[in-house]
Amino acid sequence: MDFDTITSISTPMGEGAIGIVRLSGPQAIEIGDILYKGKKKLSEVETHTINYGHIIDPETNETVEEVMVSVLRAPKTFTREDIIEINCHGGILTINRILELTMTYGARMAEPGEYTKRAFLNGRIDLSQAEAVMDFIRSKTDRASKVAMNQIEGRLSDLIKKQRQSILEILAQVEVNIDYPEYDDVEDATTDFLLEQSKRIKEEINQLLETGAQGKIMREGLSTVIVGRPNVGKSSMLNNLIQDNKAIVTEVAGTTRDVLEEYVNVRGVPLRLVDTAGIRDTEDIVEKIGVERSRKALSEADLILFVLNNNEPLTEDDQTLFEVIKNEDVIVIINKTDLEQRLDVSELREMIGDMPLIQTSMLKQEGIDELEIQIKDLFFGGEVQNQDMTYVSNSRHISLLKQARQSIQDAIDAAESGIPMDMVQIDLTRTWEILGEIIGESASDELIDQLFSQFCLGK
C-alpha cells in the first residue's frame with residue numbers, strides 16, 4: 001500500500017528536556033537529507049542508528065538546532081515505512097520551526113493516530129492491537145498497562161484467529177456435505193464435527209466474556225462515587241484513599257463545590273474515585289451546580305460509597321439520598337468514629353438491609369484497610385485475577401463477542417434441529433465475520449477511521 005510522507009510532533013507541547021519530530025513514509029529519509037547536516041547523509045547511515053548533527057534551514061543556511069536523528073528503515077519499523085525521528089531541545093519555538101521545515105520540503109501533517117493506522121494498514125498490527133496501544137497510553141495503573149501490553153503482544157488476536165480458523169475447518173466440512181448429499185455417513189460425521197467444534201468455540205467465547213467485567217474495570221477504572229451530606233468526611237476519605245491532600249477539608253459544610261476526580265490503585269483494583277459536593281437543598285448558586293453534577297456522577301457510578309456522620313443521628317436528607325442509591329452497588333460508611341456516637345446503628349441497619357457497612361475515622365486513618373478489602377470483595381470476590389490472563393476490556397470487543405456467541409448458538413440450534421447444512425453455513429459464516437471485526441479483518445473503513453481519530457496527534 002502506497003502512502004505519502006507524514007510528519008508531526010510526538011512529544012507534549014511546552015518546555016521540556018527534549019522534543020521529537022517524527023516522519024514516516026517514502027520521502028522521510030530524503031527530507032531528512034535536505035534538513036540534516038552531519039558526518040554522513042541520513043541516506044548513507046546504517047538503519048536503526050542515532051546520528052548527531054544539526055538541522056539547517058536550506059534557504060538561509062542558518063543553523064536551526066543541534067539534534068540527534070534516529071534512522072529506521074522499512075520494513076522493521078512501527079509503520080513498516082521509513083521513519084526518522086528528530087530529537088531536539090524541548091521548547092515550542094524550535095520544535096515548531098523544525099516541523100514547518102519538514103512540511104516545506106514535502107511532508108504532510110499527520111492526522112491523529114495516523115502512524116498507528118499505517119501500522120495496521122501495512123499489516124504490522126491488527127485492529128485489536130492498535131486499540132490496545134491507546135489503552136496502554138491511557139492506563140492509570142500498573143495492572144491496566146500490563147493488560148494492555150498483553151493485547152498489544154497479540155494474546156487476544158491469537159485466540160480470535162484460532163477461533164476463526166476452526167470455523168473455516170467446520171465450513172470446509174460443511175461444503176463436503178453440501179457437495180455430496182447422497183452420503184448419509186458424511187452428513188452424520190459433519191453434524192457431529194460441527195456440533196463438537198461449535199460448542200468448543202462458544203465455550204471459549206464465554207470464557208473471554210467472563211473476563212469482560214474485570215477487564216473493563218482494568219481499562220477504565222471502577223467508577224466510584226463518594227456521596228453523603230455536606231461535612232460528613234467525603235473529602236477526607238478521598239484524601240486518605242489517594243494518600244494526598246487534593247480535596248480541601250474544613251469544618252464548613254459545602255466546602256466542596258464541584259466534582260473532584262482522581263485515579264487510585266486499591267489493592268490491585270483501579271478506582272476512578274469521584275468526590276462529590278454534598279447533596280442537599282441549597283440556595284447557593286455555585287453549590288447548587290455542584291449538587292447537580294453530583295447527581296449526574298451518581299447515575300454513572302459502578303460503586304457508591306455512602307458516608308454518614310457517627311456524631312449525628314440519621315436525617316431526612318440521609319434517608320432521601322439513600323432512596324436515590326439503594327438499588328446500586330453501595331458500601332455504607334459510618335465516619336467520625338473518633339467522636340461521640342449519636343447515630344443509631346440498628347436504625348441504620350434496618351434502612352440499608354444487608355449492604356456492607358464499614359466504620360471509619362478518617363481523622364485517625366482507621367477503617368481504611370477494611371474499606372479497601374470490602375471494595376475488592378464486592379467486585380472481585382476478594383481476589384483480582386492474574387494480570388497475565390487474556391482480558392477483554394474494550395466495549396466494542398465485548399459487544400462483538402456477544403454477537404458471535406449468539407450467532408454460533410444459532411448454528412448449533414440449527415444443526416441439532418436437522419436444518420439443511422447450507423442454512424447452518426450462513427450462521428457459521430456470520431460468526432466468522434463478526435470475529436473478524438475484532439481484529440479488523442472485516443471492519444468497515446468508517447469504523448477504522450473513527451477508531452483511529454481517537455488517538456493523539458503523533459501516535
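Using N, Cα and C of the backbone, Cβ positions are placed for all residues, glycine too.
What Swiss-Prot lists as (6S)-5-formyl-5,6,7,8-tetrahydrofolate binding site is R22, E85, R124, K459, and the listing cites sequence analysis. When other Cβ atoms within 10 Å of the Cβ of R22 ((6S)-5-formyl-5,6,7,8-tetrahydrofolate binding site) are tallied across all protein chains shown, the result is 24.
What Swiss-Prot records for 221-380 is domain 'TrmE-type G'.
Take the CB of N231 (GTP binding site) and look out to 10 A: across all protein chains shown you find 20 other CB atoms. Residues or ranges marked as GTP binding site by Swiss-Prot on the basis of sequence analysis: 231-236, 250-256, 275-278.
Feature annotation from Swiss-Prot assigns K(+) binding site to N231, T250, V252, T255; the stated evidence is sequence analysis. Reduced to three states, the DSSP call for N231 (GTP binding site) is coil.
Of all Cβ atoms in the shown protein chains, 24 besides its own fall within 10 Å of the Cβ of S235 (Mg(2+) binding site). Annotation comment: Swiss-Prot describes S235, T256 as Mg(2+) binding site.
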Set of same-chain residues at least 6 away whose C-beta sits under 8 angstroms from E85 ((6S)-5-formyl-5,6,7,8-tetrahydrofolate binding site): S10, I20, V21, R22, L23, V69, S70, L72
Message: Test of understanding: give the count of other CB atoms lying within 10 angstroms of the CB of K234 (GTP binding site).
response: 31
- prompt: Cα-Cα separation of R124 ((6S)-5-formyl-5,6,7,8-tetrahydrofolate binding site) and K234 (GTP binding site), in Å?
  reply: 48
